[in-house]
Amino acid sequence: MKAVIEKAEELQAPVILEIHPDELSYLGDNLVQAVRTAAVLAKIPVVLHLDHGGSINDIMRAVRNGFTSVMFDGSRLSYEENVRLTQETVKLARPLGISVEAELGTIGNTGTSSETAGADIIYTDIDQAIDFVEKTKIDTLAVAIGTAHGLYPKDRTPELNLELLAQIQQVINKPLVLHGGSGNSDKEVAASVGLGIAKVNISSDIKSAFFNKMKEVLAENSSYEPNQINPVCMEAVQKVVAHKLELLQTVHKSNLYS
């Protein structure tokens, strides 16, 4: 979090900090308040977003903790149930000024296993997307166009279905979201931004940069003092963050949200 906010401030780029319900349960509400405070005090616009809320209880917990954006993920439910619970989420969040994201199609396992990433993608159906957005009145739609959560197997090269994305953009008048933004080619990610993707979720690339550098530092240094190890790891993260912010064309755009 600190590495991301510092680099975003340096580049004057707005950012979204996402917390998954599993991470929320691990951190606890008190530590989440520290994240919220950091977001409020940042010199650039920072959104605190609940990623992949799987129940109305998840949504309510995020609301109580001051999140400014939430995602209800009913993509593995029946279509009818996904619509119903997404509608309920919008009904709860909108009066509070909280934006709502939902997902149509599935983007695979939400874990980080390199063995399962991309194993069970179901692409977004265009006609269903039109109906879904109309019925739910969501703010943003996460689409399934070939990405997956987590790290890809070494023998698998992800490929985005940009033709499908272009077709979705033509009929959906909402900002679109790309989950599983790690591991994809810069060329494809940049192209997706030009085809309506307004939010890209990036996790694995950032975590890999941090922990790969930590392994390197620990192999060369017997010190286990966090204040000696973490700064170097954070520098590695900031290189990734800077690259992603440039790629996603958000540098020097913080003033657009002031």
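Backbone N, Cα and C define each Cβ position, glycine as well.
Here TrEMBL flags Asp51 as active site, proton donor. Residues annotated as Zn(2+) 1 binding site in TrEMBL: His52, His149, His179. What TrEMBL lists as Zn(2+) 2 binding site is Asp73, Glu103.
Distribution of TrEMBL features across the structure.
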residue : record                    : DSSP class
Asp51   : active site, proton donor : strand
Asp73   : Zn(2+) 2 binding site     : coil
Glu103  : Zn(2+) 2 binding site     : strand
His179  : Zn(2+) 1 binding site     : coil
Binding-site residues compared (His52, His179) - the one with the fewest other Cβ atoms within 10 Å: His52
Cβ-Cβ distance under 8 Å to Asp73 (Zn(2+) 2 binding site), same chain, at least six residues away: His52, Gly53, Gly54, Ala102, Glu103, Ala142
Proximal but sequence-remote residues of the same chain as the residue listed as 'active site, proton donor' (Cβ under 8 Å, at least 6 apart): Glu18, Ile19, His20, Pro21, Met71, Asn201
Cβ atoms near Glu103 (Zn(2+) 2 binding site) (within 10 Å, other residues, all chains): 25
